[in-house]
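A quick write-up on the structure given underneath.
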Amino acid sequence: MTFAGWSMILLFVVLIVALAKPAGAWMHALYARETLPLGFVERGFYKLAGIDPKAEQSWVGYAVSLMVFNLGGIALLFAILKLQGVLPMNPQGFGGMETLLAFNTAVSFVTNTNWQNYGGESSLSNLSQMAGLTVQNFLSAAVGIAVAFAFIRGFARKQASGIGNFWVDVTRATLYLLLPISVVLALVYVVMGVPQTFGPSVVATTIEGAKQTIAVGPVASQLAIKMLGTNGGGFFNANSAHPFENPTALNNFLQMLSIFVLGAGLTLTFGKAVGNVRQGWAILAAMLLLFIAGVAVAYGAEAAGNPIHHALGVAGGNMEGKEVRFGIAATALFAVVTTATSCGAVIGMHDSFTAIGGLVPLFNMQLGELVIGGVGSGLYAVLIYCILAVFIAGLMVGRTPEYVGKKIESREMKLAVIAIAIPPLAILGLTAVACITGAGLAGPAAKGAHGFSEILYAFTSGAANNGSAFGGLSGNTPFYNLLLALDMFVGRFGVILPVLAIAGGLAAKRRVPEGAGSFPTTGLLWIGLLAAIIVIVGGLTFLPALALGPIADQAQVAAGTLL
Amino acid sequence: MLTETFRALRPTVVLLVLVTIVTGLLYPAVITGIAQVALPVKANGSVLSDVHGQPIGSALIAQNFTGPTTFHPRPSAAGKDGYDASSSAATNLAPGSKDLRDAIAKRVSSARAEGMTGDLPADLVTTSASGLDPDLSPEAAFLQAPRVAKARGLDVAKVKSLITAQIEAPLLGIIGEPHVNVLLLNRQLATLSATTPGK
């Protein structure tokens, strides 16, 4: 580890805290239905779609709208991918995608996962990348923000029957948040060297006389929303490690900031909405505590390097699967950023990280991606843990738990436990299925403990809607295409539906004024308790699986065992 | 629930169509239009051309150099033979992989055969994440300087000062790592040779 490396990490944290405030304030304006500039655009959308923007939806109405919209999105994307061979804007002349792969990809992008069982530059037309994938990059992020808004309304409203209007929330998040920021970022990326063209691949004759076909495309426009919306699906197979998808260290730094900014800002949107911004800062502080701990472990492990390679006369940290312009500090930081959120883009290959360096991204996702988290999904995931934390604190002191003025009772607790339990069930259950079936065991490239890690990582990434991979796993098989699609679907909607149900119940409750007996949810004690409960619940759930995977792997590498 | 489902159909269809037009077509088209007019070189992949205007590669993308007179890039796992810029890829080999250890051992012994001594910089003997990493660490470039200088009949100090001039330093001293672009370095090398005839 170097001083420069840590300075860069510290600068990143400072900038995120600084950006959270304006981002949170703007999202509060969207949340609170304040009149926006260029309001005629949104009104035009509502008119054409037959939406009454003033109508309130119950939690059931909100949930049904969300499910229909997402199933429609899956159907549309599936059709585009299947038909890309006969659709326009296909300069490389790619054929339609294979059915199960197209299904997996459609579910993947609609659930904000962006797991990719294909190589973008070698299988997708420009139309599929833009009108197919980029659109869902916007919409899946907007849906996450919508659910976060609905959940916030549950806490902020009193004796209300509605939790907002799904259509309005999605439209506003897309048109007034994600799109304008993406336009600015995409142009900045072009200035930094990211290609943006509809032309075909460049065919060059290299200095040594070899023929090199260089894939280009509308990369910058997809890159901007891929990061901002914590989607993570790369234009190229190598994702943001590809020099076209991340040409410079500064470009990389900007990408990392754009992954975190909305998730961090939403904590303050929440604080403002419930009438006490310090509630938001407390959540953000707990998140950053866990974040810095994760960065320290991953950076330390990667900088220490691999003893097996040191023995061959190779110096320094682990550079297999990393790019020189980023180096070890930025690659470790990026790995934590991308798995703390639901992004899943990579600038280094997690599969080739040291065992402990690879454990951090894995554990991050298993915690539920609530360290900042995906846009929207991070906030609702951490609020579920807030409910659990006040409940546990309530048990300790023997009082009815309450959080930001709402009593937490039996219904909330049951639903919160469902939301917390569903992703681990999918992850561990499906990993177990893969480990006892031939089709599942055919996936991993690595042998032994690391092979198990590859399977565990895939189902963790799917259920957590992350999309990063231990790339050694061959995921493009009927078995993995289907099971991972199931994993992603359950991991997404198995959390969203209980969250909306809690929101509906909470919105109907009275707000109780904070009394002397209320457990304070702003101070250091609360920040520590929240962080500890997140780590303990995640640890208890996943420690046995981690022991079989990365921890066993680390012991073998330390002993010099080769597989 | 059925009425709610039915009521959601029109907004679903209309919004999907509208958002596809705005974010899927207009947005990339507008960005492409601005990029192609304002920054055509970068927007088309930072392609470098020879004197006849024929593309020789991209400044951002690694291409292979094998001869003794040039600096060699990092090993590549992109495509079948490496450096395939239409098929970026990494090895994804595990830290305890025997294949990875053997591959690194082989690269270390060929580096030794070239006369490199001491601990080798890791980037020189490992594959990158994209297989298209255009850069080397300064240490990895300096280690190749004696070979290049010898093959070209140049003074080693001159080659080393060329590398030093090509090093890109981290922004503010902290963002990024110092690195040298291999393709640009090798092009500079050609001009260096040309200005010192008779060697």
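For all residues, glycine too, the Cβ spot is worked out from N, Cα and C.
Remember, TrEMBL labels are computer predictions, not curated facts.
As given in TrEMBL:
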| type | residues | note |
| --- | --- | --- |
| TRANSMEM | A:59-81 | transmembrane segment |
| TRANSMEM | A:93-110 | transmembrane segment |
| TRANSMEM | A:130-152 | transmembrane segment |
| TRANSMEM | A:173-192 | transmembrane segment |
| TRANSMEM | A:253-274 | transmembrane segment |
| TRANSMEM | A:281-301 | transmembrane segment |
| TRANSMEM | A:326-349 | transmembrane segment |
| TRANSMEM | A:370-395 | transmembrane segment |
| TRANSMEM | A:415-443 | transmembrane segment |
| TRANSMEM | A:455-473 | transmembrane segment |
| TRANSMEM | A:479-503 | transmembrane segment |
| TRANSMEM | A:524-547 | transmembrane segment |
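The stretch from A:93-110, A:173-192, A:415-443, A:455-473, A:524-547 with the most CB pairs below 8 A to the transmembrane segment (A:479-503) is A:415-443. Outside the transmembrane segment (A:253-274), and at least 6 residues removed from its termini, the chain residues within Cβ reach (under 8 Å) are 8, 12, 15-17, 19-28, 31-32, 141, 145, 148, 152-153, 155-156, 177, 181, 185, 188-189, 192, 223-224, 227-228, 230, 240, 246, 280-281, 283-284, 287, 330, 333-334, 337-338, 341, 343, 345, 372-376, 378-379, 382-383, 404-405.
Tertiary neighbourhood of the transmembrane segment (A:524-547): same-chain residues 282-283, 285-286, 289-290, 359, 362-363, 366-368, 370, 382, 385-386, 388-389, 392-393, 420, 424, 428, 431, 456, selected by CB-CB distance under 8 Å and a gap of 6+ residues from either end.
For the transmembrane segment (A:173-192), the list of distant contacts is 26-27, 30, 36, 38, 41-42, 45, 138-139, 141-142, 145-146, 219-221, 223-225, 227-229, 247-248, 250-251, 254, 258, 262: same-chain residues at least six beyond its ends, Cβ to Cβ under 8 Å. In this chain, the transmembrane segment (A:370-395) touches the transmembrane segment (A:281-301); three or more CB pairs sit within less than 8 A of each other, excluding pairs fewer than 6 residues apart. The listed stretches are A:93-110, A:370-395, A:455-473; of these, A:455-473 has the most Cβ pairs under 8 Å to the transmembrane segment (A:326-349). Within its own chain, the transmembrane segment (A:455-473) has Cβ neighbours under 8 Å at 108, 111-116, 231-233, 338-339, 342-346, 349-351, 358, 361-362, 365-366, 368-369, 374, 377, 423, 426-427, 430-431, 434-435, 440, 443-446, 480, 483-484, 487-488, 490-492, 545, 549, counting only residues six or more beyond its boundaries.
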